[in-house]
Every structure is written in C-alpha cells, then in structure tokens.
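Trainee: Supplied in structure tokens, the structure appears directly below.
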Amino acid sequence: MTRARRRRAALLVLAAGLVVAVWLSLAVGSRQVPVGAVVDALASALRGGSAPVGTDASVVVDQRLPRTVLGLAAGAALGVSGALVQAVTRNPLADPGILGVTAGASFAAAVAVGVLGASATGGGVWAALLGALLATVLVQLVGASAPGSGGRGSPVQLLLAGLALGAVLAGLTSALRLSDPRAFSALVVWESGNLADRGWAGLEAVWPLLAAGLVVALALAPALNAVALGDDLAQALGARVWLVRVAAVGAVALLAGGATAAAGPIAFVGLVVPHVVRWAVGPDQRWLVACCAFAAPVLLLLADVVGRVVLRPGELPAGVVTAALGAPVLVALVRRQRVPAP
Amino acid sequence: MSAPTALKGGRLPLVGLRVHRRPLVVGLLVAAACAALAVIALGTGDYPLTPAQVLTAALDPGAGFERTIVLEWRLPRVLAALAFGAALGASGAVFQSLTRNPLGSPDVIGFSTGAYTGALLSLTVLTGASASFSATTGSATGSTGGGVSTTVGALAGGMLTAAAVYALARVHGSVQGYRLVVVGIAATAVLHAANTYLLLRAQTEVAMAGAVWGAGSLSLVGWDDLRWALAVLVVLLPLLALLSTALRQLELGDDAAGAHGVPVERARLALVVVGVALVSVVTASTGPIAFVALAAPQVARLAMRGAGLPLTGSALVGSLLLLSADQVAQRFASGVPVGVVTVVGGGVYLLVLLLVRGRPRGRGAV
C-alpha cells in the first residue's frame, strides 16, 4: 500500500472509530439508551428544549453529552501534545505526563482548592493550568541547564528532570492532602482522572487554551519535520530551532495542562496514540498531529466506556483504564523496535 | 552509551579483595551517623529524653518507664527504619548493577508496586483475610501490613512482577537495561491501575487502611510486625553477601563472568530472587517506600568512589536515608507517612544531581 493510500485508509478508520466511540459514550452506562433515542434527545436539545430530569433524554443531554465533549477535547489535546513532545525531544517514549506537566497541574490544583479554597471547577482549573505551565518550564530549564548538554538538554535529562519534579510535586500533594483530608476531599474526584460528572464548567474555562494549543501545533508541524532531522540540518533548512522548541513546549503546556485541568491526570494517551498513528501514517508531523487529534479521543472515550462497564454499579476512572490499555502497547513497542538509548 | 566504567581508576573488581581505605572510612562514618541518629530518634517524641537518658534506659534493666518508652515504643520503629532502609538500598544496588542502569531500581521497574498489588489481593480477595487485616493493623490511624498472608502476598506479587517484567523485556535472549526500565514503567502503570481497581472494589475499611498503607508508613510498626520482617532479612542479607562476588563479575559482562567460572544465568536468577524478596518484605511491612532504592546506591557510589555499586555501602546509606526521612516525617511534616518524605527528598536529590552533574553517573546510560 502506498503511503498516500495508507493515510486515506487511516483517516477513514479514524472517522468511523470516532463515530462509534461517540455513540457508545452517549448510549452506554447504567441506563442503556437505544440509538434512536440518543438522536432524538440530541435533536430536541439542539432545538432548545430541555428534557425532564430522569428520562433517557435528560441522561444523554445533561450527563453524557458534556462527558463526551470533554473526552473529545481532552483526548485531542493529550494526543497532539504527545506528538509534539515526542517530536521536540526526539524521544519516542516521551509523554506529557512523564515531563512533569500533570504533576504540576495536580499540585497547583491541590494548593488552590485545598489551601486557598478555590472551587474545583472554577479557580482550580486555572491554577492547574498555571501549574502545568510552570512545571513544564521548570523541567525544560533543569533539563537544559544540565552541564555537558550544550544548553539544550538531552532527552534523557529531560525525562529524568520530569520524573524528579513529578515525584517532588506528587509527594507534596499527598503531604498536603494527608495533613488536612477534609479540605482536600474536593480534589479526590478530580485527581482520579475521569470524565464523569464534570459538566460543562471545566471545559468552558479551558477550551480557548486548547484551541490555541491545537492551532500552534498545526502551525508548527512543518518546522517540526525539519527539527526531526537534527538541530544542525534543521538550521541549515532555515528552521529557527530554538524558537520552534519554545513554541512547541508552550503548546504542550497549553494542551496537556488544559486537558489535565479539565479532566484530571490521564496517563498514557499522549504516549501511545502518536506511536500507533506514526505506524499508520508515517513520520510526517503534519499528518501525525492531525491524525492524533482524531485518534486520541477515540481511545479516551472507549476507555471511559470500558470504565463504566467493568465495575458496575460503580465506575473505574478513565485514567486508570487508559493506563491499563496503554501500558501493553508500550511494552509491545519497546519489544518490537530497537529503541536506541538516547 | 558510555563505556563500561568497571576499569575506571585502574581497579578491577576482581582484585577488589584488597581493602580500599576510602570505602572503609566512608562506611564507618555512615554507620556512626546511623548510630547517632538512632540515639536521637529514640530520644524524641512526646516524652523527650537526652541521649544519655536513652543509653541508660537501653542498657540498665532497672530504668523503669523510660526503658519501656525506649525499648517498646520507639525501638521497633527505629530498627525498622534501619533494617528496611538497608534492604531497600541493597536491593537497589543489585538491580542497578544487573540492569547497568541508574534508573533500574526496584521501585522504578515495578516490583514495589507489584508487591503492593499482591498484598492488596491477599487482603481483599482471600476469604477471611480482611478480618485478620483489620485485627493486625489495629485501629484507625494507619497501618502496617503485618500478618503472614500479607507478607506472602507481597512476596508473590513482587516475584511475579519481576518474572513478568523480565520475560517481557527479554528479546532474542537478551535483556537490555533500557528496555527493562521501560517495561518496568509500563508494568508499574498497569499494577497501579489494578491497585486502584482493588481499592475501589474493596469494602470501605479495608480500602482506607490499604490506601494509607499505600503511602508507605513506619508509624505503627510494632515488635509483632517487625519480628517477621527481621527474621526474613536476617536470612536474606547474608545470602546477598554470598552472591556479591558473582554480582561484581556480572558487572564486567556475561562473557567475562562466564569465563571466570560464574554460572551466569543461575547467578543472575539468584540475585533477582534475593533482590525482589528484600523489596517485597519491606513493602509487606510498610507499604511501598520510593526512592531509597534509587538514591542509596548512587549516593554510596558517589561517596565511596568505587568502580561498581557497593552493596554494603548502599545498605548503610539506605539505613541512614530512611531513618532521616522518618525523623523528618515525624518532626517536621506533622506525621505524614515516611514514603511521602522519601518521594519528595528523592525527587529533589535527582533534580540537584541533574543540575550539578548532568545525570546520575551509573553503569551505562539510561
């Protein structure tokens, strides 16, 4: 199959997968809703009618619709940010979570909600975003300022810096929580990394940031193609490597930070999706970024649906399911490829 | 990536029988620091004692109430910190040597999480176990695992995780350190998910006790819990000392070790089993305590400037680290579990190391 055909096939599969995932996300749960009823409910909501509480239509529109849209937005953001991180660090195993983004978001949200008394959906979201930005910058600085790296930071140093900062922040977060469990109970739901019961509030706060991040990511894609060839060659091709890198890191913080702020820490989506997509469409960043924006929501929505089904009548957070689904892919990757020691 | 460092400094580990002064001096200094800190730890608490009082209370059978405080209340916790720290440090040295990777420590490659999963399984699934759990862990404040079934569960969990990680990281008959670390991170994620599932599914009391325990705490270690763990460690640590020569040889590479008459596969298996057992025993007693196994061998190596990762040195540094962390937890962190302190401290240590030296020097690259 030629690459062009492969890409078209991948797009078709992704589009079909997205439709199925959205439908499952709207229809499956403790109350099973048939397709016709789902469509009716959405149509009547579009016309502005609100369904009476407790009916199929109300469950679909008031509970599952925001959940599904959040899954779409957060999934797309995580997938694209994963593609960016892997391109910038030239490390096939990089993941926004590993680079300290999620830990920074969690810590800042914990401080804002637990110590300062912000609400988990209002001020907490902004704090989480700020924390993600700060942690990302800090990891980059530590990784880059390490001696012997020429001020750029090798992938290994970046990963280690992310691991280290992530550990510090996670530890401080749990210390805060343990010292005052009652003040932090509001965070438990957020920290579990799921799409349930969040309504529209979190998404309303972060969608402009996610949109900005996506635009930057798409705009950067050609330059990232050059950077992937190595700094010297990229420079020779006219790419301003330093600028590209800063812009990409900023986009990662916006995307991963925004997604984490809205949905809580969700692991492995940013790591796994770019790999699967790269296998399908090849290394061209323009295709990679675009396809990740579609593939990652499929994974996240399916994980969310699985989480609703396996622990009935309770629910397993989507973040837990993505970890369980994503880790085997990681193992398969590292077994299949000869991943070079960076 | 980097060349093997075994030959650095012109000392072959083969002739390491010659006693080098620096490791000996540093080792004695660390041991002395452990002893001093232990005396201070025995003297601190709601009923403070001076070092002199501590020593009298410990040595004089007629010391009465103070003797009870020191020997019954505080000694188990201090002993646990020393013993568990040594176990973690030694285990970290074994795995970092075997994987030739400074990140190849048992907490990073999933063995602690696996041991925790095993313990949780034995608590929540096995019939009647949950009852004995609440009984051994005592009342609300927190818990140590304790109990035989938990220990067995943790051991089995740790071993199975090690076997699975090792098997999955093995491609064409060889295990590369880098691959082992990545597989280990993946295994940690899956096991973490499984632990969350188990805690969500369990009855509330079991789940709460399990969650507190999951942070890694020494707070309720009493003689009853400790006796088991110490008995196992007393067997394991000398066993490891016997295997240390083989470990030094394996550091030179499988071929070199084989040429010197080391049964490579069997020696490696024995080392892995002992290393996992060390971590599992600690995890069964306290819950997972991160970063001691990661940091202790590197600190010991830094201080002793040897070629490989020194086992005894790592164990001593591990003791010192865990005891210090527990003191910090008790005194300055309003009683948070020690695992929280080790995570924060270990993370800061890694960051500083990155800033100062580029990355933890180890055998080979990440």
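Note that Cβ sites are derived from N, Cα and C of the backbone, with glycine treated the same way.
Below are the features I grabbed from TrEMBL:
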type     : residues  : note
TRANSMEM : B:24-43   : transmembrane segment
TRANSMEM : B:78-96   : transmembrane segment
TRANSMEM : B:108-128 : transmembrane segment
TRANSMEM : B:148-168 : transmembrane segment
TRANSMEM : B:180-200 : transmembrane segment
TRANSMEM : B:206-223 : transmembrane segment
TRANSMEM : B:228-247 : transmembrane segment
TRANSMEM : B:267-295 : transmembrane segment
TRANSMEM : B:307-325 : transmembrane segment
TRANSMEM : B:337-356 : transmembrane segment
Trainee: Could you tell me whether the transmembrane segment (B:267-295) and the transmembrane segment (B:108-128) have 3+ CB pairs under 8 A, leaving out pairs under 6 positions apart?
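Mentor: Yes, the stretches contact each other.
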Trainee: Three or more CB pairs closer than 8 Å, sequence separation of 6 or more: does that hold for the transmembrane segment (B:228-247) against the transmembrane segment (B:337-356)?
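Mentor: Answer no: the transmembrane segment (B:228-247) and the transmembrane segment (B:337-356) share fewer than 3 Cβ pairs below 8 Å.
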Trainee: When each of B:206-223, B:267-295, B:307-325 is checked against the transmembrane segment (B:78-96) for Cβ pairs under 8 Å, which one has the most?
Mentor: B:307-325
Trainee: Which one, B:206-223, B:267-295, B:337-356, has the most C-beta pairs under 8 Å toward the transmembrane segment (B:180-200)?
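Mentor: Highest pair count goes to B:206-223.
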Trainee: With Cβ-Cβ distances below 8 Å as the criterion, list the same-chain residues six or more beyond the ends of the transmembrane segment (B:337-356) that contact it, or say none.
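Mentor: Contacts of the transmembrane segment (B:337-356) (Cβ under 8 Å, skipping residues fewer than 6 from its ends): 81, 142, 212, 215-219, 286-292, 294-295, 298-299, 321-322, 325-326, 328-329.
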Trainee: Most CB pairs under 8 Å with the transmembrane segment (B:206-223): which of B:148-168, B:267-295, B:307-325?
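Mentor: Looking only at B:148-168, B:267-295, B:307-325, the most contacts with the transmembrane segment (B:206-223) come from B:267-295.
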